[in-house]
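Record features (TrEMBL):
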type	residues	note
BINDING	B:Y130, B:Q191, B:N214	NAD(+) binding site
BINDING	B:S237, B:Q259, B:H262, B:H328, B:D361, B:E415, B:H420	substrate binding site
BINDING	B:Q259, B:H262, B:D361, B:H420	Zn(2+) binding site
ACT_SITE	B:E327	active site, proton acceptor
ACT_SITE	B:H328	active site, proton acceptor
Protein chains: 2
Amino acid sequence: MPQFLSTTDPDFEARFIALLGAKREDSPDVDHIVAEIIADVRARGDQAVIDLTSRFDRLDLTPDTLRFTPAEIAAECALVSDEDRAALELAAARIRAYHSRQMPDDASWTDDTGATLGWRWTPVSAAGLYVPGGLASYPSSVLMNAIPAKVAGVARLAIVVPTPDGVTNPLVLMAAQIAGVDEIYRIGGAQAIAALAYGTQTIPPVDKITGPGNAFVAAAKRRVFGKVGIDMIAGPSEILVIADRDNDPDWIALDLLSQAEHDESAQSLLITDDADFGRAVAAAVDARLQTLERRAIAGASWRDFGAIITVADMDEAVALSDRIAPEHLELCTADADALAGRITHAGAIFIGSWTPEAIGDYIGGPNHVLPTARSARFSSGLSVMDFIKRTTLSRMTPGALAAIGPSAERLAKSESLQAHGLSVRARLDRLNRGS
Amino acid sequence: MPQFLSTTDPDFEARFIALLGAKREDSPDVDHIVAEIIADVRARGDQAVIDLTSRFDRLDLTPDTLRFTPAEIAAECALVSDEDRAALELAAARIRAYHSRQMPDDASWTDDTGATLGWRWTPVSAAGLYVPGGLASYPSSVLMNAIPAKVAGVARLAIVVPTPDGVTNPLVLMAAQIAGVDEIYRIGGAQAIAALAYGTQTIPPVDKITGPGNAFVAAAKRRVFGKVGIDMIAGPSEILVIADRDNDPDWIALDLLSQAEHDESAQSLLITDDADFGRAVAAAVDARLQTLERRAIAGASWRDFGAIITVADMDEAVALSDRIAPEHLELCTADADALAGRITHAGAIFIGSWTPEAIGDYIGGPNHVLPTARSARFSSGLSVMDFIKRTTLSRMTPGALAAIGPSAERLAKSESLQAHGLSVRARLDRLNRGS
C-alpha cells in the first residue's frame, strides 16, 4: 500500500518532508574501481578497453572490431520490423521538429558609445552518447540524446553501447541510424566513458558526454567532468499527477504505474482534491498491478515510495507541487492549462487527461531526459543548449574606449590590478595625444 | 623568459601539446576536511558556522551578527568615493543592459496533429553568491554574478563574503547594493557553502550557488552539487592574443600582463605572423614588468606559462586558437571582425586593438566569468541562463493521441514497458468506443 496523506492531518508537514527526503537510491561506492579503470584506459588505450570488455561483457574484441562496421549495422537494422521502424521514424521526426525550435539566435548591436557587443553560438565539435546494454537498452533514449546533438550541429557523434555476450539490440542501432549517429562502439562501463573522454588509438576523444548508465558509468562521468562536459547525473524517475474527480481512476493508475515499472526506486505521487477519488485510484492500481509483467518492480516502487495526497483545493496542490519540483507533472484537472501556468518548478508538464506521460517518453517531441530528485528547482531537461556554447563578442572604437575606459581604469585600481588599468591607460593616452 | 615557438620548428607539435597540457594548478586535497565541515554545518547549523568563522577568520559572531544589517551596509557604502561609486554604477548599467538581451522567449505552438507543444522559462527561486575575502575580494565579480541573477528574476539573492579579522571591503558591499542583492552574510569557506546549500536556523537554503573561491570553496561546491546547482569550477585565468605587426608592442605587452598579474598560474599567449613583432612584445613585457607592483606574480606566470608562437599566416592562427579554446581571445589584426567569425572555441572575443581585455573584466557588458582550461570547447560563460530553467509543455487532444499514440504504444512494447503502453491504450480504447 502507498502512503495516504491529507493536508488536514496534524502530522502532515512532517510526513510530507519525510516523503520529499526519502533516500530512494543507494549507489554502491565504486569510485576507487572506476579511478583504476580510467587510469588503465589512459595508459593502455585500446588494449585496456579490450581487456575490460572481455572481463565485464564476456566479449573478445580487437582494435578492428571495437566499432560496428556499416555492414554490421545494416544487418542488425534489417532485423527490425517495418512497424517498429516506422514508429522510430515518426518519433525521430517529432523530436527533431521540437528541438529545432530550441536553437537560439546570435546577437550583435552597437550601443550609444559606439561599442559593438553581442554573442555567437557554436556547436560542440564532437559528442559521445552512452547507451546502456541489456534490459535498460532503450532506443528511445538514443533518439532523445542523439537528435538534439545533431540539431545543434555536432559534426561527430559517437555512441558507446555494451553488447554483453555479443548480444545487440537491433532497435538501438536502428535508432542510431535514424538519428544520424556517426560512429557506434560495442563497449560500455567506465572504460567506455574513459575512452570517449581521453581517446584511444582507435577512438578519437569527444568534448561532451551524455546519456544514462549504472553506478560505474555515473562515477566515471563525474571523474572525467572538466576534461569534457557531461550532462546531469540522473536519479530514479518520478511522476506527480494532480487530478480532480472527473477522471477515470484506471487512466491515472496506469500513469502512476508507468513510472513505477521503471525501477523499484521510482516514485509515483498523486495529489487530488477528492479523497474518494484517491481511494479509487489506489484500488485501480492494485487491480492493474495483478496483470503487469513487471509487477514485482512496480509493486515495490508503489509500496515503498508511492503516495496519495488529499488537498483542500488546487492552490494547495500547486504549492506542494513546487516543493516537490517533479521530473514529470501530469495535470488532469478542469482548466489544466491555467493550472500549468501557475507551476514554477517542474521538468515537464503534461496537460490534460489526454496526455499520458508515456507520450512524452516516446513521441510527443520534448526531451525525456529530465531533472530528477528535486533538481527542477535549478536545472532543465536535455536540449539543443547542451550541445552548443556561446562566445561573447566586444568591439570598442576609440570613442567607446574614451567614454568607458576611465571607469574601467578606476575599477582596476580599486582591485589593485595595475596592468589591467595600464592596458586601458596606454590607449587613452594615445587618444589624448590625438595621434 | 617565456617560450618562443614557431610552427616551422621541427618539434612544434610536441611543444604545443606540452603547452596545452601544462598542469598550471596544484589544488591541495582538502576534500576530507570539507566533508567534515559540511557535516558539522548540517548537524549544528548556526553554531557550527560561528565556531568555524571564529577559527578560520578570527571573528566572533552570533546568530544576530551573521548577517550585515542595513545600517552596517549603509555605513560601509558611505566610505566609497563618489568616483568609485560612479564607476561601479556605469559598469552595472552596462552589464545589466547586455544581460537583459539574454532572456530567452517562451514558446507554444500547435502541430498538424492538434497537439500543443512548447516550453516556459522560470527563474531559480533563491541563489547564493560566494565572494572571496582578502586580496581577491573583487567588486567586479559581485556585479558579474549578481546582475545576471537579478535580470533572470531570482527573488532572493544572498551573498556570503568572509571578513577575516572583521575587515570588510566597502566596494564589495557597494557593488552588492547596486546589483540589488537581498542578504549579505559575513562568512566564508566551506562552511558558507554548506550554509547556503543546507540552510541554518538563520540562513535559509538556496537552490543555486555561483562565484569563485579557494580550494575549500571549490571542494565544497563539488560536494553540494546535486542538492543545489553550481556554476563551473574555474581554473586559473588565460588570455590568447592574436596580433599582426601593425600593433604597438607595448599595448599587447600590457594585455598579456593583465592576465599574468592575476595569479602565478595564469597563462598569457601571443600568436603572431611576424617573429620580429613577437620579439618586440617580449621586450615590452620585460620593460613593463620592471614597473609593476605585482611583478613577482606576473613575472612568474609569464616565465613559467607564457609563450609567443609565430605562425605562417592567420589560417594557422585560427587553427591553433581553436585547439587552445582560450578563455579570453584578443584579435588585434587587420580585419579582426572577419577573423572573429572564423573562431569556433573561445569564451570571449575582444575584437580590434582598441578593445583591451580589461574592458571585458569590468565594464564592456559581457560577463567576465568564463570557461577556463580549454572548457570553451563545451561550455559558456556565466549568463542569465544559469539562473533560469525550462519546463517543457505538452497537451494532446483526442485526435493527436489517435494520430501518434499507437506509435508510442509500439515503442513501449519494444522496450518491455507494458504500463507505458497501457496508459496510451486505455485512452485509445475509449476513443475507439466513441464515448
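Counting starts with 1 at the first residue shown.
Glycine is no exception: its Cβ is also placed from the backbone N, Cα and C atoms.
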Look up B:Q259 (substrate binding site) in the DSSP assignment and reduce it to helix, strand or coil. helix
Nonlocal residues around B:H420 (substrate binding site), in sequence order (Cβ under 8 Å, 6 or more apart): B:A408, B:A412
Specify the secondary structure state of B:H420 (substrate binding site) as given by DSSP, simplified to three classes. helix
In the structure shown, which of the binding-site residues B:N214, B:S237 has the fewest other Cβ atoms within 10 Å? B:N214
Among the recorded positions (B:E327, B:H328, B:D361, B:E415), which are close to chain A, meaning C-beta separation under 8 angstroms? B:D361, B:E415
Which chain neighbours of the NAD(+) site, leaving out B:Y130, B:Q191, B:N214, have a Cβ atom within 8 Å of the mean position of the site's Cβ atoms? B:P132, B:V160, B:P162, B:G188, B:G189, B:A190, B:A192, B:I193, B:G213, B:F216, B:V217, B:A220
Can you grab the distance from B:H328 (substrate binding site) over to B:N214 (NAD(+) binding site)? Cα atoms, rounded to a whole Å. 21
Give the distance between the Cα atoms of B:D361 (substrate binding site) and B:E327 (active site, proton acceptor), rounded to the nearest whole Å. 12
Can you tell me the CA-to-CA distance separating B:S237 (substrate binding site) and B:Y130 (NAD(+) binding site), as a whole number of Å? 18
In Å, rounded, how far does the Cα of B:E415 (substrate binding site) sit from the Cα of B:N214 (NAD(+) binding site)? 47
